[in-house]
Amino acid sequence: MVHTTSDKLPRNVIVHQYDLVITPFFAFKGFEFDKALLNTFKGNVKITFNPIQANNSVTLASNPEFVTIQSAVLSLDGTNIEIASNSTDSDDHLTLVTKTPLETGKNYTLHFVFNGTMVNGSNGGLFSFDYTDKDGKNTSLAATMFETIHARRVFPCFDDPFFKAVFVVTVIHPKGSQAHSNAEVDITQDLDKEVMTKFKPTLKMSPYLLAFAVGDFTERVVESKRGVKIRSLAVKIFEGSVDKAAKIGAECLDIMEDLLQVKYPMMKLDHLDTISLGAGAMENFGLVTYGNKLPLPFPLPLKMEIETAAVVCHETSHMWFGNLVTAERWGLEFLHEAFAVFFEAATLRRIDPYTFTESARVANILEYAEAFAQAPKHPVAADRSYFDEVTYGYGSAIVHSMEGVFGKDTFYKALHTYISENMYKNVDLETLLSSFERAAPSKYLCDNLTVSEYMRDYFLQAGSPLVNITYDENNRLKMKQIPFENNTLWNVPIFMKNLDTTEEFTYWLLKNGRHCVQNAKGRIDSRMPYFFNHNSRSFHYLDILKIVSDKLNPNSTAWEDRLRADSIFLDAVQAGVESAVKMAKKLFAEFTKDCAHGTEALVCEKFIPEFRCGALFEGNKTKEGRQFLLDYFQRVAENPVIASGLARYSYTCDLPLK
């Protein structure tokens, strides 16, 4: 769960660089330290900045619940400047007041020495996670999660996305462990019981994107077409289970570079699974972290493999949307998340065999439109961060509609401009609008509707347009927008396709009551059959009846068939559908032969995973079947991944076995 906030620091300085040294104390196997220090850390940081306004104070952020500052020294060119007072308010804003004014244009250094406490859980800050390794020994890993305002839980900093800077990170960690961070390793040095790993300077980025992780990891490296090293990492209990994540990561990167025509700016991108992570995944620049999302240790239901592919592509797209180009304040994170959701699907549909996922995304767009037509919560561009379905779902649906309105060429031309002109900078909604205005062939979309006017309403108004399409008593086509709460209206593009001629055009319902038609060779003919909102390119709710029927095939490995089985097979068996029950009995009988006592559990299974739970549910109905399952699940429990409690999948199918 990502923290909601509207926190904002005074913007009277430019921050240049952090030199951070951190030493975590956690239960890594064989690590000897004073156990009173368990799940704590110590460190120091030097922050270089210069004032842009003459004043006698500087305000940054430090959370005293987690960080205790031992000393704070302000200096200029090696000369200390006396700090008259310091105070921390309820927002964790730390203000240092100097006796003499700070001069503009000069580089000052703030040096803090501190210690701190790791957070309980993985929702923000520096945390540890205990687990059992493949040898049955207890061990732990340590990692960070800083979005939104949790960097201040580890070290004093200008914890606001507006303050981009370079970070030079040094981690002192247990021998036998590895340290990873945003940048590549610069040097390592053996100490007494620890190792010092210093990383190269990062790119200029916001503090919430900083990350480091320490543990005993296995890895797989795949290179992108351009030679960028894509590395997937997980604890060694998952050895051999992260290959697919690395391959997908490389493909996602290649596609993003091709679509945007902007190169990823580093030569490495790590995807590291920390087992637990409150947000599920976090797009740290160069070191993406995940909470038990990457490993695929066994044949799993297809939806779980798709989930891994989708989240890797989602986080990869953030390297452009959020990392290279960053919203200037919290509340505008749709500039990151809405585009990440859009490109999650845009990349997946170009990766074989995930191409069919596009249809699922279109269905989701319809669901979002329906939901927000009925129960709006807040505008997409809000006054604080929410990280909810409005930010992700509604926002991505608007982006999808923008692609439909402008066409792919203009859409990607605008995004290329948006990214390339604003790399390492902060942006707002107007920055995005400006990029589309300049990319569009005309200032006007239809009638006197401008590009910015069309886009601005969808991002700034809560809710979704509702359109009623009917035929009158004379069989003439009628389209009308129904006013929303407080008479809110939008300029609504309705994409129409003549099913006889295949001609496609856009009919605009303008909020001033007018309408106009784009790209139509003639007038709308009510006698013709039309398909509305083809491919869900517009964002309004139409009542659609969905009918899907097909026969299930337990031997088919086609992805469409597997997804269909995942949705209905278990339900059909539980409901007693004759054909499904018959199929489940046959599958269970084969399973008892393949996995007879003495065979290695899990490896022996020949199920297509989507049929597994239905077959086991049916087999559990008899005394003999239940006894077989009890014996089998006891063997499953001896598998290292299952025994560690780290499996993402319930292999018992939640059956009542007692």
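We number each residue from 1, going along the chain as drawn.
Cβ atoms are placed via backbone N, Cα and C, with glycine included.
The record from TrEMBL ties H314, H318 to Zn(2+), and of the options E305, E328, E337 it ties E337 to that site too. Annotated Zn(2+) site H314, H318, E337; additional same-chain residues within 8 Å of its Cβ mean position, judged by their own Cβ, are E283, E315, S317, F321, G322, H336, F339, A340, V341, F343, E344.
Comparing H318 (Zn(2+) binding site) with Y392 (site 'Transition state stabilizer'), their Cα atoms are 13 Å apart once rounded. Less than 8 angstroms from the CB of H314 (Zn(2+) binding site) sit A281, A340, V341, F343, E344, each of them six or more residues away in the same chain.
When the alpha carbons of E315 (active site, proton acceptor) and E337 (Zn(2+) binding site) are compared, the span between them is 9 angstrom. Just so you know, the Cβ of H318 (Zn(2+) binding site) picks up 24 other Cβ atoms within 10 Å once every protein chain is counted. In the three-state DSSP reading, Y392 (site 'Transition state stabilizer') counts as helix.
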